[in-house]
Amino acid sequence: MQEFLIPAKPDLQAARESWLKMLARERRLSPETVEAYERDTRQFLHFLTGHCGGSPGISDIANLRPADLRGFLAARRNAGAGARTLGRGLAGIRSLLRFLERRGLVNAAGAAALRAPRQPKSLPKPLTASDAKQVVSVEGQLAEEPWIAARNAAVLTLLYGSGLRISEALGLAGADLASETDTVLRVTGKGGKTRLVPVLPVALRAIAEYRRLCPYHLDPKGLLFRGARGGPLNPAIIQRDMAKLRSALNLPDTATPHALRHSFATHLLGRGGDLRTIQELLGHASLSTTQIYTGVDTARLLEIYESAHPRA
């Protein structure tokens, strides 16, 4: 239980709690990211307790030097944390310090000057086009209820057909894609940023079939995708069903819902999509994030989206 105690003085505890709420409500970070930042900063406060000789408060945070942060990263590295985990931890600490700085409580310049650990380059692991088609087809779904099979197919088709994150797909409203003529979708992604993505006819048909079979009233202002009891659809349900599909289709463990988004980008690039367009479709803030897909598939066949996508 000691791991979950927050070793900080009341002023810092309250400020940290306000920061975490801000990340979820205003920055609209995913619950998984907020949870990771909570865990990383909790570990940082545990480190400072030993480093400072007692529970730290805002005054202790204000007096932090880059050497203190380097000491924390070194301790985490010695405990077995990899570069990616260390980088995320530093990002969380920087975010907290910037939050405190905006309130006039600390100076975050020291943390900003600290270089993040070098991240290893790892290539995304997309599905093959044929495997992706099997995964998103309603015939391939394993759910016994027809409307749930149609729902799962519609969600997975949006991940592969439009490159959505699972949180973006499950955040769609009932009014979104209400007609098969709605070929463009406005998506709100990370950090509240919006982008326009094209929607393939196969995705529109999948959504229309889900609407037809869904036993619940889909209020235009409510969520489009519903759980078995009519509430919001939990991402874990899609991930669980994807795991069942993975087993049934004999796919690798890397075949996850997010791998469909990787497949979207990789297959477009391999069939002629340009990096700038794919960057915009994925909602990447930096082109360097998108450039990782150039190492996955270099075959170039067609030039435009409709003819590029295997589901077009």
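Yeah, the Cβs are placed from backbone N, Cα and C, and that goes for glycine too.
Taken from Swiss-Prot as is:
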- Arg165: active site (ACT_SITE)
- Lys190: active site (ACT_SITE)
- His258: active site (ACT_SITE)
- Arg261: active site (ACT_SITE)
- His284: active site (ACT_SITE)
- Tyr293: active site, O-(3'-phospho-DNA)-tyrosine intermediate (ACT_SITE)
- 10-101: domain 'Core-binding (CB)' (DOMAIN)
- 122-306: domain 'Tyr recombinase' (DOMAIN)
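Of all Cβ atoms in the protein chains displayed, 23 besides its own lie within 10 Å of the Cβ of Arg261 (active site). Across the active-site residues listed here (Lys190, His258, His284), the residue whose Cβ sits among the most other Cβ atoms within 10 Å is His284. Note on the domain 'Core-binding (CB)' (10-101): DSSP counts are 75 helix, 0 strand, 17 coil. Across the domain 'Core-binding (CB)' (10-101), the prediction's mean pLDDT works out to 87.
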